[in-house]
Amino acid sequence: MANVVVIGAQWGDEGKGKITDLLSRSADVVVRYQGGVNAGHTIVVEDKVLKLHLIPSGILYPDTICLIGSGTVVDPKVMIKEIKMLEDNDIDISGLKLASTAHVTMPYHRLLDLAMEQKRGDQKIGTTGRGIGPTYADKSQRNGIRIIDLMSREKLQERLQVPLSEKNGLLQKIYGIEPLIIDEIIEEYLDYGKQLKKHIVDCNRTIHQAARKKKNILFEGAQGTLLDLDHGTYPYVTSSNPVSGGACIGAGVGPTLIDRVIGVAKAYTTRVGEGPFPTELHGSINDQLCDRGGEFGTTTGRRRRCGWFDGVIGKYAVEVNGLDCLAITKLDVLDELEEIDICVAYELNGKRIDYFPTSVEDFEKCNPIFKKLPGWRCSTENCRRLEDLPPAAMSYLRFLAELMEVPIAIVSLGANRDQTIVIEDPIHGPKRALLNS
């Protein structure tokens with residue numbers, strides 16, 4: 001048995017969906033532990049492109065339990081839409097489970113998210129506008145609605161009175177938005193509750209029953225390390241904890257239950273929305289990476305900002321998450337480049353530093369110091385073994401492993417499942433018996 005956490009080692013969009021899908025074949029339970037519909041992952045199965053925001057990638061395996069955990073925030077309308085999409089594609093969803101204690105994104109959360117972002121003007125933080133921050137804020141203020149509240153008209157009405165009154169006041173007086181009607185919300189969300197009822201479970205009990213039976217449990221994070229509320233580029237962050245420690249809180253398990261932590265990183269770096277990005281590219285190479293990599297957000301459709309691989313934030317992700325190994329994705333996107341830069345340090349106020357500064361103001365001043373490596377100028381898309389890779393591509397991967405001081409377990413060379421080199425099974429293989437030198 002091995003219980004594994006999969007996290008993003010950059011600013012999200014690293015390709016966690018594909019890696020989770022790959023590892024789900026060996027998992028009995030897949031748990032999404034934080035975030036909401038602000039995340040998105042794309043999975044390709046038999047030429048079908050499936051875009052999911054809430055439901056874990058493991059849903060594609062009929063014998064796998066897929067649990068949306070207590071640490072998530074759930075937009076039930078989106079979840080029901082995803083369920084229908086999966087059913088329309090003849091995918092068995094009997095293993096889909098939803099924590100009764102997960103918090104619910106309400107209509108006023110979405111309205112406030114968009115209104116607040118608009119009011120920030122040039123101070124905007126790049127929110128997806130899906131109501132995630134306001135939902136987590138209500139959770140912290142103990143004003144939130146939970147999935148279990150959708151099971152009872154009386155309970156929902158009782159729980160909704162105070163927050164809706166407060167939010168209607170804000171919407172009207174500050175943002176000039178018409179107030180929401182409580183009876184309409186109650187009817188809508190009770191209906192969502194009826195549709196989701198068969199999936200609702202006790203999250204903690206479900207996970208610990210599986211653990212007692214020595215089942216393999218895969219914990220799936222959304223977003224990435226540098227978007228973590230406490231450890232990311234604050235305030236340009238999400239409202240939860242995507243780092244590996246967030247799995248314990250969001251799923252309700254102790255750290256001793258976790259056996260391994262796998263970090264997913266692109267062979268280059270991307271970022272969506274606002275915030276500093278030291279290795280960001282502009283011009284033709286940026287366009288090439290964006291076009292070849294299909295760098296448009298699953299959730300927002302926004303064009304992603306592209307840059308060279310940043311080893312400084314990579315090493316930071318290794319430390320913050322306690323990574324055991326890495327999965328490197330989209331290596332094939334670099335196939336046509338003559339030369340490739342890797343950021344090995346920063347220059348800040350005339351001094352060389354090799355650490356991630358905690359001040360976002362300092363981070364904005366950081367200039368990357370690059371190591372230049374030769375490109376391989378040939379396709380890697382059909383490589384299925386390490387020895388199939390061009391020597392320059394192998395050298396690139398070895399340099400990444402050495403720079404980040406953690407071995408590489410998986411290399412992804414395209415969106416399809418079979419476009420993958422598994423150097424060592426991160427779930428069943430021996431720890432650290434991987435590509436690291």
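Glycine is no exception: its Cβ is also placed from the backbone N, Cα and C atoms.
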(request) Have a look through Thr64, Thr206, Thr238 and flag the one Swiss-Prot assigns to the IMP site that Asp13, Glu14, Gly15, Lys16, Asn38, Ala39, Gly40, His41, Thr128, Arg142, Gln223, Arg302 belong to. (result) Thr238
(request) Around the Cβ of His41 (active site, proton donor), how many other Cβ atoms lie within 10 Å? Please give the count over every shown protein chain. (result) 24
(request) Pull out the recorded positions from the set Lys18, Gly40, His41, Thr42 whose C-alpha sits within 10 Å of the C-alpha of Arg304 (substrate binding site). (result) none
(request) Could you round the CA separation between Leu413 (GTP binding site) and Gly301 (substrate binding site) to a whole angstrom and send it over? (result) 23
(message) On a simple 10 Å Cβ count over all chains shown, which one of the binding-site residues Lys18, Arg302, Arg304 is most densely packed?
(response) Lys18
